[in-house]
Number of protein chains: 2
Amino acid sequence: MSSPRQVFYISDRTGLTAENIGEALLNQFGNLSFKRHTHPFVDTPEKARAVVEKVNRSRQENGQRPIAFVSVVDDEIRRIIKGADAFQINFFETFLGLLEKELNTEATVSGQGHHSIGNTKRYDARMEAVNFSLNHDDGVSDKNLQEADVILMGVSRSGKTPTCLYLALQYGIRAANYPLIPDDLESADLPRMVKPYKDKLFGLTIQPERLQAIRQERRPNSAYARIDTCRSEVADAQSMFRRHGIPFANTTDKSVEELAVHILQACKLKRRF
Amino acid sequence: MSSPRQVFYISDRTGLTAENIGEALLNQFGNLSFKRHTHPFVDTPEKARAVVEKVNRSRQENGQRPIAFVSVVDDEIRRIIKGADAFQINFFETFLGLLEKELNTEATVSGQGHHSIGNTKRYDARMEAVNFSLNHDDGVSDKNLQEADVILMGVSRSGKTPTCLYLALQYGIRAANYPLIPDDLESADLPRMVKPYKDKLFGLTIQPERLQAIRQERRPNSAYARIDTCRSEVADAQSMFRRHGIPFANTTDKSVEELAVHILQACKLKRRF
């Protein structure tokens, strides 16, 4: 096996965008191996020159041209990075000119990145949503449940909490969650606490074997972690969702990002930012 | 003012990448207005044709060519989307061919997106980190604090919780947080609970006026929300950070994403995925 190809992510902001699209592209070359170097906040000429030096050194040491995914808004920084001896994929440069032509307007490059808050509205919405989700985690309180944008329900350890938090952080969605306990599952009715909010419910389900593994980790060799417990709880929860026409998704093979976007779509939720 | 230009984000996965880079690009045209339409999970030919129809209808209704940011891995879907009457920016197509040439390898297009979990390792790391952060929120427990990757400290409402959760969700980092209460701030020493973990500490500070606004929202007209309380707490916290050589950042103008990446860098934290 040949030595891994060096990959640099270079950005004058968080670099998350460069990384996301870079990883999606590299994923298409599953038979090759890559070694990644991440350089966020390269926002001064000095920092830019230091990164260029690093890239060039890597080129000499490895004999191969590194690959650089560059997402830099600032013109001067971009010019400096361009001098690095790497195969460069530059998101901004590639598309900005095309867009300027299509929009018939010159770009007014602003250092203010899209991740900056600018005004505090986005920050407020996010804080509020995160606090809401934390206060309504595991069905601890039905106070203000009418203010929830969505209520996730599912058996214990089906992935409700991370999904709620992701919805809050990423979209400012007020996501509460309600754990289905055996008492709930035995009843043909919806749990009393969430019944008034049927239109806000979204169900999470999970493969019993996976659930078993997660629960086993948490409470080894308990009744709670037994495979037949997991099987019957999951089956009961799914029947409940079907009986009451509650949309649901299987979390087993989905990442939190995928789940969140899926829930947004299914419940027609409006992002707060 | 002219009518807003229609913008479509089209993806066969979550569409988050297309949105991120699209928004960063559109941000460069601050004087224009855009109306956004998001179409994630366009993963069948039927869905793709429905989106094409939507784009074409928008073109007719608005008289202007919509702009479409397309991030589609699947060849067939991409071909269908291409038929839409829009100005298209296609992240995959633009760069994949270039990369194939540079890597001297043909891409083996896999529907398996970079956001899919594939194996469950990433999911496990994330769940563990989120649970850790929830269990160590607001300094409720010093149990297992030695297992924390980082401990954020700051005065009440300085933004610790969302930052911890983001670090956990995005990077699998075990982030605990410790709220500095007035008793802590009066002492010249570090709080007893976190003192053994000095190397893991990272401080958050905030503009007193902003803190006042946040606290006022939470407990209107309390001593806690008074501007002089906020000023002295923030000043004391910053002196503590400086006295003990604890790195810190101001959360006032930073988004959670920016803060998280900054903390990763400052504390040389290793992502778990």
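Any Cβ shown, glycine's included, is placed from N, Cα and C.
The annotation ADP binding site is assigned in Swiss-Prot to B:G154, B:V155, B:S156, B:R157, B:S158, B:G159, B:K160, B:T161. Look at B:G154 (ADP binding site): DSSP puts it in a strand.
Sitting within 8 Å of the Cβ centre of B:G154, B:V155, B:S156, B:R157, B:S158, B:G159, B:K160, B:T161, and not among those site residues for ADP, are the Cβ atoms of B:N177, B:P179, B:L204, B:I206, B:T251. All chains included, 24 other C-beta atoms sit within 10 angstroms of the C-beta of B:R157 (ADP binding site). Among the binding-site residues B:V155, B:S158, B:T161, the ones with a Cβ under 8 Å from a Cβ of chain A are B:T161. Counted over every protein chain shown, other Cβ atoms within 10 Å are most numerous around B:S158 among the binding-site residues B:S156, B:S158.
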